[in-house]
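Positions annotated as NAD(+) binding site by Swiss-Prot, on the basis of similarity to another entry: 7-35, Thr102, Lys246. The active site annotation in Swiss-Prot covers Lys178.
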Amino acid sequence: MKTGSEFHVGIVGLGSMGMGAALSCVRAGLSTWGADLNSNACATLKEAGACGVSDNAATFAEKLDALLVLVVNATQVKQVLFGEKGVAQHLKPGTAVMVSSTIASADAQEIATALAGFGLEMLDAPVSGGAVKAANGEMTVMASGSDIAFERLAPVLEAVAGKVYRIGSEPGLGSTVKIIHQLLAGVHIAAGAEAMALAARAGIPLDVMYDVVTNAAGNSWMFENRMRHVVDGDYTPHSAVDIFVKDLGLVADTAKALHFPLPLASTALNMFTSASNAGYGKEDDSAVIKIFSGITLPGAKS
């Protein structure tokens, strides 16, 4: 198996997670290629040592041993792979495709079947950990797929992941685990926002409330990470409100298919949907706190 600079990997989607993954591949010594519609992101990756960048991965597809797709949703994944300028038709048979977007299990299965038609192996491999862990090559990967897919993607997984969980051999299982994880993530953010909103209404300084919770049993990773943005009055999007409208929608769809009630997740989805409807969809997901009326939130620090 190829290793180091002999191994060519392309990353499609150079947002916070995709850029982190791409930079991790560069640091690991892999010959790294990147594609994104954002020319600034492409320039950043090229300056960091990528072999090449483009707004379309098809331009370098034939060079690749593996492709990592980390875009927003299933529609974008399908467009990248099978659209008018889709990359799948340009990849060498046997190339491994790691789909790391948060998508429905059924979409993962459909994409895997379509890729197989091109002689390509797919690893259903959604990721978590946030931008910092992505940048440090320490993402958590929830993966399902064939032994061949895992083997062919080993250099990429070693470069980008701190932990790799092998969920099973069938595409779709990894996506299901990620969707369940997103249930918890969304509920934690919504609950944190509700708690901080109540503190604001009660006249408790939010920096004090934050300090207490992060040093007590009620803390969670999402509270500590996202409610810091509220305290700082900084809603620059690291993960936007609309992402959780999408992800909690996938949670709801999964539960509906299984005839399973999810009262907390349903409430969280309603909260994020309300925030999006109020015009906060492109802000950081912590902006869900803005749906509460009658409170004063901290402003951005100069």
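Including glycine, each Cβ sits where the backbone N, Cα and C put it.
The number of other Cβ atoms within 10 Å of the Cβ belonging to Leu23 (NAD(+) binding site), over all protein chains shown, comes to 25.
Long-range neighbours of Lys178 (active site) (same chain, six or more residues apart, CB within less than 8 Å of its CB): Thr102, Pro126, Val127, Ser128, Met142. In the three-state DSSP scheme, Ser31 (NAD(+) binding site) is classed as strand. In the three-state DSSP assignment, the secondary structure recorded for Ile11 (NAD(+) binding site) is strand. Classification of Leu23 (NAD(+) binding site) by DSSP places it within a helix.
Here Ile11 (NAD(+) binding site) comes close to Gly18, Ala21, Ala22, Cys25, Thr32, Trp33, Gly34, Ala35, Leu67, Leu68, Leu70: these same-chain residues lie at least six apart in sequence, with C-beta atoms under 8 angstroms from its C-beta.
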